[in-house]
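Engineer: What follows is a single structure, and I will ask about it in a moment.
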Amino acid sequence: MISEAPPFWWRKADWRAWMLAPLSFVYGRVAGHRMAHARRASVSIPVICVGNFTVGGAGKTPTALTIARAAKAKGLKPGFLSRGYGGSLDVTTVVDPHHHRAVAVGDEPLLLAQEALTVISRRRVDGAHRLVAEGADLIIMDDGFQSARLAIDYALLVIDATRGLGNGHIVPAGPVRAPIGQQLRSATALLKVGGGQAADRIVRMAARAAKPYFTASLKVRGDDRLTGIRVLAFAGIADPAKFFRTVESRGAEITVAKTFGDHEHLSEDEIGDILTTAERQDLLIVTTSKDFVRLSGHHGKAQELAQQCRVIEVDMVFDDHLAPGLIIDRAIVACRERRLREMKTKS
């Protein structure tokens with residue numbers, strides 16, 4: 001799966017999108033067929049998948065964290081399941097946030113592991129069974145909606161209200177991962193993040209398909225203001241512009257903005273450039289939680305940068321504060337129904 005979205009994907013379709021359209025047709029046919037017809041393995045506990053329609057960030061990880069907190073408030077033991085993208089380990093592993101580094105397990109799993117039991121696995125079915133063995137009673141998948149490997153009881157698709165579906169084309173002509181119709185049929189509900197209008201069309205399509213949708217927004221954690229402070233902001237995430245807007249919303253003046261690839265581990269030269277630039281211009285360094293965990297556990301310049309960073313942490317806040325609990329309850333009911341169907345089939 002492509003993880004880096006070229007800029008033209010997020011603009012009106014141009015000659016590049018149309019030139020790649022034949023490849024998109026083939027890719028879409030394969031992806032749609034897999035989602036519709038693949039045999040999915042089953043586990044004995046509820047599975048919630050937090051996915052999205054497109055390649056790139058939409059807020060899946062903050063959403064997964066919010067659902068996990070709601071699960072713990074209900075007395076459940078949630079477990080996160082991640083592929084561990086960006087990490088080097090290719091074996092099923094329980095992530096230890098005090099031992100592992102992002103270079104081994106990926107940045108998002110490290111963030112998830114700070115909240116709840118987290119397993120990474122290139123084979124999601126193996127990872128799900130490991131979570132069951134570790135005592136989890138609810139699995140929250142961070143991504144993996146289109147993989148069609150594991151039976152899902154509740155599929156929540158997150159869509160950014162500012163970016164929407166981009167140019168609307170399927171990979172590689174655009175950011176869409178599979179035919180929208182098939183994705184909607186496989187989804188349980190949508191979560192629209194932010195106040196833009198780019199997601200309105202897909203929300204209307206979901207409504208016609210009788211799919212409920214929730215609304216939410218990313219809120220900066222705490223009351224820390226940066227009013228009037230000149231900063232160097234850097235981000236290696238799918239949508240760095242969103243982070244820069246968040247920094248400015250705190251009152252900061254972004255004097256220098258540096259962007260890197262999603263999940264990218266910075267080189268010594270890149271780190272040195274950030275440190276030197278900030279010192280020369282007397283700038284406060286600010287970054288994202290994901291970028292910070294990629295620096296954690298290292299020595300030398302990476303450690304120095306981590307010590308100097310101000311981390312802007314955000315939470316996914318549902319407009320209806322009862323929504324995360326409702327999602328969990330419906331996943332539990334759906335799991336019971338799935339298990340009953342499986343028992344009848346076996347008998």
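Every residue gets a Cβ built from N, Cα and C, even glycine.
Feature table excerpt (Swiss-Prot):
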- T54, V55, G56, G57, A58, G59, K60, T61: ATP binding site (BINDING)
Engineer: Given the ATP site residues T54, V55, G56, G57, A58, G59, K60, T61, which other residues of that chain have a Cβ within 8 Å of the mean position of their Cβ atoms, reported in sequence order?
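Structural biologist: Nearby residues not in the site list: N52, V158, D160, A238, D239.
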Engineer: Does DSSP put G57 (ATP binding site) in a helix, in a strand, or in coil?
Structural biologist: coil
Engineer: Just to verify: the residue among T54, T61 with the fewest other Cβ atoms within 10 Å, which of the binding-site residues is it?
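Structural biologist: Among the binding-site residues T54, T61, the sparsest Cβ neighbourhood within 10 Å belongs to T61.
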Engineer: Over all shown protein chains, what is the count of other CB atoms within 10 A of the CB belonging to A58 (ATP binding site)?
Structural biologist: 28
Engineer: Restricting to the chain of G59 (ATP binding site) and a gap of 6 or more, list residues whose Cβ falls under 8 Å of its Cβ, or answer none.
Structural biologist: V158, D160, L191, V193, A216, L218, M316
